[in-house]
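Engineer: Quick one: this structure, given as structure tokens, is what I'll be asking you about.
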Amino acid sequence: MDSLSLSGVCRHHFPVKNGGFFLGNKAGFTRRRVAIAGVASPLRRPEIVPSLEEETFGRRDRNHHTAWTSVRQERWEGELVVQGEIPLWLKGTYLRNGPGLWHIEDYNFRHLFDGYATLVKLHFENGQLIAGHRQIESEAYKAARKNKRICFREFSEVPKYKNFMAYVGDIAKLFSGASLTDNANTGVVKLGDGRVVCLTETQKGSLVIDPDSLETLGRFEYSDGLGGLIHSAHPIVTDTEFLTLLPDLVNPGYLVVRMEPGTNERKLIGRVNCRTGPAPGWVHSFPVTEHYVVVPEMPLRYCAQNLLRAEPTPLYKFEWHPESKAFLHVMCKASGKIVASVEVPLFITFHFINAYEEEDEDGRVTAIIADCCEHNADTTILDRLRLQNLRSFNGEDDILPDARVGRFTIPLDGSPYGKLESALEPNEHGKGMDMCSINPANLGKKYRYAYACGAKRPCHFPNTLTKLDLVKKVAKNWHDEGAVPSEPFFVARPGATEEDDGVVISLISERNGSGYALLLDGSTFEEIARAKLPYGLPYGLHGCWVPKE
């Protein structure tokens, strides 16, 4: 950015010490000592980049845990010293998106989801690791930097109005979507045609980025006439299609749409009307099977009144309507017809894990199984993600709400009710559960393994990595005392025949201001490599894998 000075540039690497790392351990958690087995050498000189003013980026919250501290500068790149050994077959770039800047000037943001997006990359090739990060240059971010204040409506933040007429003008812009943020701080996906897009829940917050330089290339403009202001933050993306849901806030329901590689045009598959309630339920994510799309209708519903408010309500843009009940709808991908619509127990989930079709002995589909990270229908998880709560943890109070792997069974025989049960005993993963990934080859198919963030209590936030065996109904957990890991992302070994043959990648934020990239063996869940970052990065959300061509 032209307005940034060149003072305080990042010129040095911070190599790890020689010797092993020793991770704390209690019953059920992996203890792993790693010796230096391979060092990436020679080190590539870091990119010289503009530093952001300390007053704006980091000084005000420098005493907080690294996970909840604003990123120290707008971008950095360099090669890391590797402790352990990176498999030579691992060739490509892991991208992770998430909030990274939680204040502008003297104003501190209130919620984890408000932060301006920071994109991180880990490029693996020939056993070496090049890391980097860069702020995503959304219009919301650029306007805030230029004007030294929030200029668009974020998750819990709204611009501060000079007078009532300014507020009225902002409301008018809200209905057109002009005042909504394009801060694409939630996910990042690689489309089938190779384009890489960062996403959030506003449709305008779909931004194309360069996976090598992390440069923001521009807005992903949808060329269809489907309209709408919001969509699922997590589309289903494969090499052949892009599926997403568009909530209809006026006539409560959901449009199920598909986009083919190489186009910007979404085409309607079908529509689901809400069974009850004043508005559609929040659809942060949804699952698919080989032949069906599962549309969740959660009792945590969008609320137009809350959206219009100048200050956040306890549930932000949503309202809890248990009286409206909860439903799952199953739509045929090919025809757009709804083949099942069942009532299920009340639930709260941000993230579905996977779904698949159950067949009888004659090969007929009798039910859909859909797994998710389920928060026991407890809406307090949203409030727990306020930055004040995350930053004030004293290490003793156990305040993370319980969660589980919720397994829905949706019968396809016309029955009006489905089931919701725990797929395994929640104590296996510390009654904490979120941020899952699976082997992408098993998307929509029967599967055995998932990787997630769990809990070693007492805690206030998921603080372990866990491998879930949904057949044996057990979990294996990795934990580093005081550290906060981000989503474990599974990358399969080329040519692998076993579901868990690959590596799991995570970025770890430590409480002492540092952090590191971590690789675990997907099968044994033992640590195989780590690489110290020059400084700790804030907690991130979701990632994708861009293989080297």
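A Cβ is built for glycine as well, from the same backbone N, Cα and C atoms used for every other residue.
Annotations per TrEMBL:
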- HIS234, HIS284, HIS351, HIS542: Fe cation binding site (BINDING)
Engineer: Sorted by position, what residues of the same chain at least six away from HIS284 (Fe cation binding site) have a C-beta under 8 A from it?
Structural biologist: GLU201, SER232, ALA233, HIS234, THR349, PHE350, HIS351
Engineer: For the Fe cation site given as HIS234, HIS284, HIS351, HIS542, which other residues of the same chain have their Cβ within 8 Å of the site's Cβ centre?
Structural biologist: THR186, GLY187, SER232, ALA233, SER285, PHE350, PHE352, LEU541
Engineer: Would you find the one among the binding-site residues HIS351, HIS542 whose Cβ has the most company, meaning other Cβ atoms within 10 Å?
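Structural biologist: Top count of Cβ atoms within 10 Å goes to HIS542.
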Engineer: Within 10 Å of the Cβ of HIS234 (Fe cation binding site), how many other Cβ atoms can be counted across all chains shown?
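Structural biologist: Neighbour count, Cβ to Cβ under the 10 Å cut-off: 22.
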